[in-house]
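Chemist: Not my notes, these are from Swiss-Prot:
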ACT_SITE  H323  active site, proton donor
BINDING   D162, D191, Y194, H352  Fe cation binding site
BINDING   D191, N228, H313, H350  Zn(2+) binding site
BINDING   N228, H350, V351, H352  substrate binding site
CARBOHYD  N108  N-linked glycosylation site
CARBOHYD  N136  N-linked glycosylation site
CARBOHYD  N170  N-linked glycosylation site
CARBOHYD  N301  N-linked glycosylation site
CARBOHYD  N398  N-linked glycosylation site
CARBOHYD  N423  N-linked glycosylation site
SIGNAL    1-30  signal peptide
Amino acid sequence: MGVVEGLLALALVLSACVMCNGGSSSPFIRKVEKTVDMPLDSDVFAVPPGYNAPQQVHITQGDLVGKAVIVSWVTVDEPGSSEVHYWSENSDKKKIAEGKLVTYRFFNYSSGFIHHTTIRNLEYKTKYYYEVGLGNTTRQFWFVTPPEIGPDVPYTFGLIGDLGQSFDSNKTLSHYELNPRKGQTVLFVGDLSYADNYPNHDNIRWDSWGRFTERSVAYQPWIWTAGNHENHFAPEIGETVPFKPYTHRYHVPYKASQSTSPFWYSIKRASAHIIVLASYSAYGKYTPQYKWLEKELPKVNRTETPWLIVLMHSPWYNSYNYHYMEGETMRVMYEPWFVQYKVDVVFAGHVHAYERSERVSNVAYNIVNGLCAPVNDKSAPVYITIGDGGTLEGLATNMTEPQPKYSAFREASFGHAIFDITNRTHAHYSWHRNQDGVAVEADSLWSFNRYWHPVDDSTAHVSH
């Protein structure tokens with residue numbers, strides 16, 4: 001072989017290496033520390049003072065379009081009232097919303113009285129105050145309704161997943177609260193309390209988690225996704241109803257989007273249409289979830305809500321050795337639809353680390369052509385794993401090597417993310433690791449809308 005031929009051969013080898021390898025694995029080295037849950041006597045778990053004082057107060061969107069709010073809370077001494085008194089910032093006239101309460105038992109645990117009350121017919125872009133605990137110890141909170149739905153309405157979402165109640169969880173929530181971009185609503189991608197990690201699935205840890213997160217979720221909606229740690233299927237202790245604690249404590253407006261289950265549903269908020277899917281409910285052809293999504297995606301009006309966001313728990317594209325390819329069967333079922341309907345971004349959790357993909361799809365395979373590898377696809381979403389909230393299970397640190405081409409950026413650190421919609425064409429995305437200052441973006445990109453501005457926004461094309 002001559003010199004020229006040798007150089008050409010070397011160039012081909014190097015080119016092949018570039019094509020096979022992916023983006024960047026962060027050089028940041030997190031100090032290895034054991035992740036430990038906060039003890040039950042921690043300040044963040046404090047029970048509010050007063051007889052029968054409401055605790056674990058949380059809100060979520062209560063309808064399809066953002067003009068209703070579900071307010072939930074727990075009383076422990078007696079049922080008390082399920083009424084919510086509320087009024088707008090510009091009015092002293094209090095209105096009353098009536099609710100209902102539920103209780104449940106789990107092994108040797110009996111819940112408090114869990115109240116759920118929906119406030120309806122709210123005005124857009126308005127600050128409301130609300131009171132719960134009427135007749136006993138009353139507590140007051142507030143929230144701000146979203147702007148009216150429209151294609152160029154700016155709005156800022158926070159992203160948190162796999163939070164738990166460790167010291168790292170507290171850092172994540174504090175970091176999110178202090179972020180100068182000021183998320184207005186949290187999109188939560190599953191795995192809330194991790195109570196199932198305790199002996200007999202100790203549901204006291206559901207109560208402590210509710211008190212821990214109240215400082216945020218009582219003031220802004222968290223949009224809920226169910227994860228595997230919400231399952232609580234424990235036949236060994238006589239508990240055979242999956243998701244019992246979760247469905248009693250966290251209500252969502254699933255019926256507003258014609259869903260038959262609280263595990264999959266959709267909402268519209270500002271300029272976004274958000275679809276929540278269930279990784280742990282049946283999703284094969286002919287199942288209720290499949291039939292619902294098949295009807296839901298064509299309903300998305302991109303001239304009204306240009307940003308199409310999907311939430312799920314188990315990621316489809318994951319280059320960590322943890323939970324590797326667990327989402328594969330769901331991906332095979334639904335990915336062609338995601339490409340067809342030009343989903344902008346998919347957020348998942350489950351893997352306790354951070355990763356962002358390029359816009360890729362793997363839908364060309366059939367039994368004849370044998371093509372079975374992700375390829376760049378401008379009609380495909382970006383897939384982001386944000387399961388780095390701080391769970392006591394610790395970080396996922398083992399990654400597949402070499403880094404796959406579909407993986408743009410990955411790092412084993414705890415943190416949160418912000419998805420900041422500017423208008424119908426542009427949104428700024430940023431990931432913030434807990435170790436940095438609140439304004440530091442450890443990973444970021446401008447996302448270009450797939451319907452209105454489907455240009456190449458891959459890491460290779462746009463400076464990172």
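Residue 1 is the first one shown; counting continues down the chain.
Using the three backbone atoms N, Cα and C, a Cβ is placed for every residue, glycine included.
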Chemist: Just how spread out is the substrate site if you go by the largest Cα to Cα distance in Å among N228, H350, V351, H352?
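Modeler: About 13 Å separates the two most distant Cα atoms.
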Chemist: I'd like the number of other C-beta atoms within 10 A of the C-beta of Y194 (Fe cation binding site), please.
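Modeler: So the number of other Cβ atoms within 10 Å of Y194 (Fe cation binding site) is 24.
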Chemist: Compared by Cα position, which of the recorded positions N170, D191, N301 is the closest one to H313 (Zn(2+) binding site)?
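Modeler: Going through N170, D191, N301 one by one, the Cα closest to that of H313 (Zn(2+) binding site) is D191.
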Chemist: Note the Cβ centroid of N228, H350, V351, H352, the recorded substrate site, then list each other residue of that chain whose Cβ lies within 8 Å of it, in sequence.
Modeler: G161, D162, D191, G227, H313, S314, P315, Y322, H323, G349, G387, A396
Chemist: Over all shown protein chains, what is the count of other CB atoms within 10 A of the CB belonging to H350 (Zn(2+) binding site)?
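Modeler: If we count other Cβ atoms within 10 Å of H350 (Zn(2+) binding site), we arrive at 27.
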Chemist: Determine, using Cα-Cα distances only, which of these glycosylation sites is closest to H352 (Fe cation binding site): N108, N136, N301.
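Modeler: The smallest Cα gap between H352 (Fe cation binding site) and any of the glycosylation sites is with N108.
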Chemist: At the Cα level, what's the spacing in Å between D162 (Fe cation binding site) and N398 (N-linked glycosylation site), rounded?
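Modeler: Distance (Cα to Cα, whole Å): 18 Å.
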Chemist: Can you figure out which of N136, H323, H350, V351, N398 (the recorded positions) comes closest in space to Y194 (Fe cation binding site), comparing Cα atoms?
Modeler: H350
Chemist: Spatially, which candidate from the recorded positions N108, N136, V351 is nearest to N228 (Zn(2+) binding site), comparing Cα atoms?
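Modeler: Looking at Cα distances from N228 (Zn(2+) binding site), the smallest one goes to V351.
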Chemist: Which of the three DSSP states, helix, strand or coil, fits V351 (substrate binding site)?
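Modeler: The three-state answer is coil.
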Chemist: Between N108, N136, N170, N228, N301, which of the recorded positions has the fewest other CB atoms within 10 angstroms in the structure shown?
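Modeler: Each of the recorded positions N108, N136, N170, N228, N301 was scored by Cβ atoms within 10 Å; lowest is N108.
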